[in-house]
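Below is one structure, written out as structure tokens; comments come after it.
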Amino acid sequence: MTKNKNTIEEEEEDNNDELDLYDFLEVISGKIDSVKNQIEERKEDSRQQWQRTKDEVEEQKRLLKIELEKHIHLLSENLKKPNFIRIRDKISFTIGVANTCFSPLIAVRWPHILPIIYTIQAFYFITLRFLIYKQKHWHYFTFDLCYFVNLLTLIYLWILPSSKILFAVCYSLTHGPLALAIVLWKNSLVFHSFDKVTSIFIHMYPPLTMFTLRWILPVDLQLKYYPAIVNTGSKLPMGTSMFYTIIFYLMWQILYYTFIVYGRGHKVASGLRVTSYTWLLNNKKGFVSRLIQKLGFGGPNDGINRYKLFIYFLLQFLFMLISILPVSLLYYQYISLTTGSIISDGDIPKDTVDSVRLTKRIHRMSAPTIDWDAEKTLSSVVDIDIDALDAEFERLSVDFKSKMIELRKNPNNMTLRHTLTSTKEALIRIKTWSSLVNTADGLAIMKKSMAKQHEKELLQRKYEVDEILKISKVQSAIDLCFLMDCTGSMREYLHATKTQIYQLTECIRQLYSIKPNLAFVGYRDINENLDKLDFTDDENIFQEFLTKIQAMGGDDTCEDVFSGLETVAQLSWSTPNRLLVHICDAPCHGQDYHEFQGTANDNYLKGDPKNRELSTLMFSIKRLGITYCKIPLNETTKKMFEEFAFVFGSISEIYVSDPTCLIKRIIEKTSSIIQSCIESTISSYRNSNKQIKSYTLFSKEPDWNSLEIYDVNVTEIIPPNTIDDIFHPLLISKTNGKIKIAPNPFAKGSIRFAFYGQYSSDDSPFVDVVFKEFASTDPKANTFIVYQEHLEIQAIAQFLAEQFNAEQQRLFRNFIPIIYADADLIQQTINPLKIYQVERRMHQEWRKWNNNSGGVSLSEYSTILQAFSHWTYHITSGRLMVVDLQGVKVDRAYLLTDPALHCNDLLRFRETRTNLGVKGMRQFFRTHVCSDVCSKLNIPMLNTGSNSILLSRSDSLLCNATTKTTDILNVQTTEENNFEPIDKNQLETIENFELC
């Protein structure tokens, strides 16, 4: 019983346990049901709340739409009013004319404000067009590609100017499909039509704006406001550019299809709305409609189906693709018709000729010109040419009367007033002298007056000459920095610099009587030693420093160029001439600067690990006025220097194929920079406080058939017959002619403008010429006597060149003749103040071999021309020298023009201000080294003092008659060899050449 009782109790306990588990599960289930019910209730509440919110939003949307439609309707009604239409058309006319006239001016003069003008007009035109098209149900037109491109352009200008991708897309689309759409849509510029003015603006102003930012905006402003242009580099990568352009185009196409073709298709199909594709596809005479019909997809009467729509979009895509293809190719090949041939103020006028002869001349003798040489005039009464005085007085009297008639017609002409004043003074002086020469007392008074005037003018000229030579001396100083890759591969060039540096300093010292300041910056790879020597004029210190430098290091192919550039800007630059010579055989780090793939050659493909910006480094160097020259030793640096040049500007290349020629080539460049600086500074000195005539340079040759023909008086200088004749004023010849002259000059030199022209003398056929007019507005610089003096100098140089050629012919086989171009003066008959020097036009490469302050070109050195200058000094017994030799070198001849003469009489050729007298001759001999040509011509070497000794060493850098001109510093040419006597009959080939 007890056992059974225990068993029963255990079973009851088990049952109680089971009941407790079931109760727990039941409770849990109830809780879950309760939670589900709560969730459902909340879902229902949320749905109801969402519905109420949605209804409220829809109501607000409906009310807003009603309000907006009211305003649009009201505005549309106002737009239809005649007063508004008249105001709108007046505004469109004004803006259209203003855009046509002033936009090019703004683009050139103030390119940085053109985006602002574009933005303001874009908001005005596009907003007004949308409102006008809305009332006509044409507003779907404003979803076309051209409006999308305008939107992208505005986003680039004001939101994302640093985006290279957006810049490439905007540049491609604006210069491609947007510009060519003018032809597709047959846009025309009608000023009184708001619609046509708007269409022209939408398609023309974006490419004009992007073009201006790319080509005209200065690089510093590009970097400040539109850095994407600078960061893009000098080339627009075709593959990348086209890829992103297509992406953006497809983006627009998808949006257009989604919201217009698909989303509003029913309105378009019913005719309630007009789009560009319905306009083109329904145009029976349109090119697109006819093309689709020829492809077999139905004509305009068959309606618009999905096949026609697909073909239309395909044709539109192909049009876009074809139009952007040339954009990348032409991105870095822009050629300006108006700027490409502009010459800066300090440069030499590049006149070139087809033939140096103007016409066959029959010289007519004229009255002699009085010689105002005081020493001759003051000798005695017998020495004074009374007839010459009378003739000069008569000529000036006639000239004075004619000028008075012109002045009465134009009393405000200050140039004419100055000319009359000078003529009056000369008449009074001649009349006074003529009356005084009849008595001894009168002659004494006249002598004293003339001597006083002579002394005053001579002192003034001596002062001017001294100032010019002082300027030349000061402007000869130069800072020369070597920036060199000093890794192991550069060992030979480092050694050449060290061993040849004395050659450089000695040459510069000989040429300019001054020693260059030398500095050195040697770089290697990232975190490797950088060698720096600041400027010193002691070549021993420079050479000792280089001796300690070891060519070593370089972890990968690319080097730490940025550290070198950074150090260059920290040097003590101080002189007027500053030259940086960068010698390297490897590019800098960064994928943008080389064509290497992977990290095998570049451990820093993302660029400089110190995050230095190229633009900052380049501008820190450019700001110092440094001339940057490169000596790339292989092609791996090509891309790097292209990127450098895009930011810095022009980087000259010095071609070196052998380390032994390194310093020679650097000497050439150094000398060229010094010469340019001297000439520019002297030109500025001569033109100081003088205004320049206002001309716009235009390089394109005009249509000669459309230009007016002017009658002109022609003045020719009669060439001298003997050496003695050149020391007296030359006679002149008068004749008549006709000219055609371009309205604008094509070039400007240091003192003159050059015009394209055509010239006919004595009814001969018109020939192509160049007219030269003085640039200064100073009346004293534009008188007939100044022009005549230039002409007289050229005639004397021409005569001496002919004598020199005869001497060459006597001595040398296959001699090279020196031929000076003919030059005349022309004066318009209807406007005698318009005076020009006329020469035949030259088209060959222009060169300058020496100047009038002792400068000589090493890269264009010619022993023949240097000997010619020396020979003119010798043949005139030291009284005169022809210098400033410039022109062109053609096959077997030098064609020259625009010479200068040094004369022992400083008052001779004083108006041209190029005669530096005896001091100018000494400057020539300071740098001249006699060659075998001088020796064969039996020209004696001249000792001009301790600072002006003629050097004749055979190893001179300046003159060595042993090699060809291709090795530029060793200056004898093969044509100048074989100085053997030849028979005079052998001159025939030269005569034939002169006739060509």
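Glycine is no exception: its Cβ is also placed from the backbone N, Cα and C atoms.
Just so you know, TrEMBL annotations are computer predictions that nobody has curated.
What TrEMBL says about this protein:
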| type | residues | note |
| --- | --- | --- |
| COILED | 36-74 | coiled coil |
| DOMAIN | 696-942 | domain 'Alpha-type protein kinase' |
| TRANSMEM | 91-110 | transmembrane segment |
| TRANSMEM | 116-133 | transmembrane segment |
| TRANSMEM | 140-159 | transmembrane segment |
| TRANSMEM | 165-185 | transmembrane segment |
| TRANSMEM | 197-217 | transmembrane segment |
| TRANSMEM | 242-263 | transmembrane segment |
| TRANSMEM | 309-332 | transmembrane segment |
In contact by Cβ distance (the transmembrane segment (242-263), the transmembrane segment (197-217); 3 or more pairs under 8 Å): no
Surrounding residues of the transmembrane segment (242-263) on its own chain - C-beta under 8 Å, 6+ positions past either end: 140, 143-145, 148, 152, 165, 168-169, 172-173, 176, 275, 277, 309, 313, 317, 320-321, 324-325, 328
For the transmembrane segment (165-185), distant same-chain residues with Cβ under 8 A (at least six beyond the ends): 145-146, 149, 152-153, 155-156, 199-200, 203-204, 206-207, 209-211, 214, 226, 228-229, 232, 236-237, 240-242, 244-245, 248-249, 319-320, 323-324, 327-328, 331
Chain residues outside the transmembrane segment (116-133) and at least six past its termini with a C-beta under 8 angstroms from it: 72, 75-76, 79, 88, 95, 99, 103, 106, 139, 141-142, 147, 150, 153-154, 157-158, 194-195, 197-198, 201-202, 205-206, 208-209
Cβ contacts under 8 Å made by the coiled coil (36-74) with residues that lie 6+ beyond its boundaries: 131, 134-135
Mean predicted confidence [pLDDT] for the coiled coil (36-74): 78
